[in-house]
Amino acid sequence: MYVTYNKLVEKYGPIYTLEYGSRRVVVVSSASTIEECFTTKNDPILTNRSFLLVGKYLGYNYTAIDHAPYGDHWRNMRRLAASEMLSISRMNSLVSIRNDEVKQMITKLSHESMQNFAKVELKTPFRDLAFNIMTRMTTGKRAFDDDVDDGGIKEFVNGMMELTTYYDSANPGDFISFWGWFDVQDPRILKKLKDEMDNVIGQDRILEEGDLPKLPYLRMVILEALRMFPATPMIDPHIASEDCSIAGYHIPRGSIILANAWALHRDPTLWKDPDTFVPERFEGISDGAIKNFIGFGMGRSSCRGMHLGHRIMGLTLGSIVQCLDWQMISGKDIDMTGANGVTMPIVVPLEVMYKARPIVKKILS
């Protein structure tokens, strides 16, 4: 759908209106219109998410953090999430869980590839990793572990997986799968990542989350992956709580606002060679100085888990590069056609060949 919206930008410009039945949908796609919606005068007006049925039936009648309307309850929920799960001190206190889960994933993968290359479909291990981290951080138990009394964890995870099937195919491991494509398709990028890992971390220990600030090229690769394939190519729909104006156009109360991150990140007036994967474009630019980039949304309702997400992405990508060699399946092209989804799933699961590097035998076996 985001590709279709992008084609409409070419015809109608950076802001246009669609009629979805009785609902008015305003799509904004340029840096100036998106900024006007979510970082300036309209931010309080457009903070509310659209009241979709998923929020009514699965979001506890619009009281869950992702579906609650802007107000005191919304602020309290965000504050609670920040203090109990997403504050720097809280994330640091749970770092051992994330390090351990990534290590367990690498160990499991390496069992099949100690001697020869093995084939893997990347979506499943990344999905399991995401759920295991999430449930261990919140309940202390793994989502996928047959050796423990899960106390209802598996029932919760099965429900979440069913939800992702119906709710636009969103899956917490979908966007991670794109990393493997860039690593395998471009040997130059893979070599630079490996060299950085070997020079900074070495072959005597496995990467840990605390090493990430010392790995600038890894950071650039992740940012470029999020630019080309943002976690949510269409920012979750917001609704105007009162009349407002965007780019001089009158926007009636109740209009749904969609921000097209895909179009913004592929705008040739903002990015040189926007359809080419060039991590170096972020070299020397601090996170706060990056412009025209909304990998995790923006404004008051931006993703509160952004910093945690960056940590998990860096740790996962760095570890699989440090511990495993990767190559494409001989004679098989990787199909990157996107499916419908809130994150950015691909239609054909990403399959590649991999083999354990010597560090795995030395450290993990």
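Just so it is clear, glycine is given a Cβ too, placed from its N, Cα and C backbone atoms.
If you draw a 10 Å sphere around the CB of Cys303 (heme binding site), it holds 19 other CB atoms from the protein chains shown. In the three-state DSSP classification, Cys303 (heme binding site) falls within coil. What TrEMBL lists as heme binding site is Cys303.
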